[in-house]
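Accompanying notes for the structure given below.
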Amino acid sequence: MPDEDLQDILSQISRDNIESTIRKLVSFGTRHTLSSQTDPVRGVGAARTWLTAKFQEAADESEGKMTVDWNSFIKYPGDNERIIFPVNITTIVATLKGSEDPDRYYLTGGHYDSRNSNPIDYQGDAPGAVDDASGVAVSLELARIFAHYKPKSTIVFTAFAGEEQGLLGAQNLAQTYKNASVNLAAMINLDMVGNSKAEDGTTDPHNIRLFCQGTPLTENATTMTSRLSIGGDNDSPARNLGRFIYEVASNVWTEMTVRVIYRLDRYSRGGDHRPFLEAGYTGVRFVQPNEDYTQQHQNVTVRNGKQYGDLTQWLDFEYNTRAAKVVATTMWSLANAPASPTNVGINTTMSDNFSQFKWDAPKGLPVEGYEILYRETIEPHWTNVIDVGNVTWYNLTSATIHKDNVIFGVRSVGKGGYKSPAVLPFPFGCARNC
């Protein structure tokens, strides 16, 4: 059951606010990256100005805990056919400082730019209602609500720019964080979370997909070889983050089930989580359960009696609100748990029926204990939990829970029962009583 603060947060998520934000973003006509940055009513500049003011309204209610900044740079033509003249790319970043572990960050957000059928048409209408005003609306609504609370770790709410031109805003922010050695523990991308209907009319209003990369994109050859040798390719940080989100956010409070997809993204598609993965961070992407491709990246037109275009009329605002509850639960649960244990290992130097684990306590929030999780290798989610207390090693002496037959994970447990994502143990060699 969510704690009292989280229950209160969930009760405040407003369908009307989410709808209002989406309609306002659509009203700018186009939010194409190359569109006007000076017109006060049309184009990406007008959208940026309005969004910045709305995030600042949230910050003004935070008693100084939240700050709003721009992460900006100039993108020049040359290596990107979708950039045909120099353009300013500005991501809006609202940072809510953690009350106890402010150096550990969790980030969520969507992209506020849009496009139509032609990726360099910066003058034609590109309403971008689902893609991705729906995700930005969630980020803004959660910033508004969370500003009144004190999560223990830092939460960042973003509106990315330049996504449709090649994930440009996310790439720059990820590199900015990497250059500053920011401890970003997870990035949660919200890209198309506003409609549950497919092109054939199929609807799935209580499910949301979560795309989770396998073997990390930046993993070195030695670690990758070890991961593959122990069958750990399905237990990357991103996939264990996905299991965490499934566990905390699939419930009656959100009225949703998180459907974890073991892929980086959909076929031939990309999202703002990828640059964070490429920078060495853990990132995942929420996407609605079904898609209608007559509504994505389409000119607003009618052909053979059928309406095309990413219009507000296709939105299911109740679904969008439930998606916001999933994200709120995810961010609150991550930010109030201790960090995951580090240097998690399992002794494989001897052929025996015992499983000997060791790990290091994480920095930041105090840990009240640890749990060893396990599941059959064919199971998608954790099925069993062993509470091992507040120790940094454990000998599992059960011959029926054999390390050759299951996948293990170790997670931290903190105050209030908040738990970290699990970590896959890698093989190590040590003395019997290490």
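Along the chain as shown, the residues are counted starting at 1.
Every residue, even glycine, has its Cβ placed from backbone N, Cα and C.
A quick note: this is a predicted structure, and the numbers were derived from the prediction, not measured.
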Site co-member for Zn(2+) 1 according to Swiss-Prot, given HIS111, ASP131, out of ASP60, ASP69, ASP191, ASP200: ASP191
From ASN234, ASN395, the one Swiss-Prot labels N-linked glycosylation site: ASN395
The domain 'Fibronectin type-III' (340-433): DSSP-derived helix, strand, coil residue counts: 3 helix, 43 strand, 48 coil
Shortest C-alpha distance to ASN390 (N-linked glycosylation site) - which of the binding-site residues HIS111, ASP131, ASP191: ASP191
Cα-proximity to GLU164 (Zn(2+) 2 binding site), 10 Å cut-off, over recorded positions ASN179, ASP191, ASN299: none
CB within-chain contacts under 8 A for ASN299 (N-linked glycosylation site), separation at least 6: ASN116, SER117, ASN118, GLY124, ASP125, TYR308, GLY309
Whole-number Å value for how far HIS111 (Zn(2+) 1 binding site) lies from ASN179 (N-linked glycosylation site) (Cα to Cα): 22
Integer Cα-Cα distance in angstrom, HIS111 (Zn(2+) 1 binding site) to ASN220 (N-linked glycosylation site): 30
Residue pair ASP191 (Zn(2+) 1 binding site), ASN395 (N-linked glycosylation site) - Cα distance, angstrom, rounded: 43
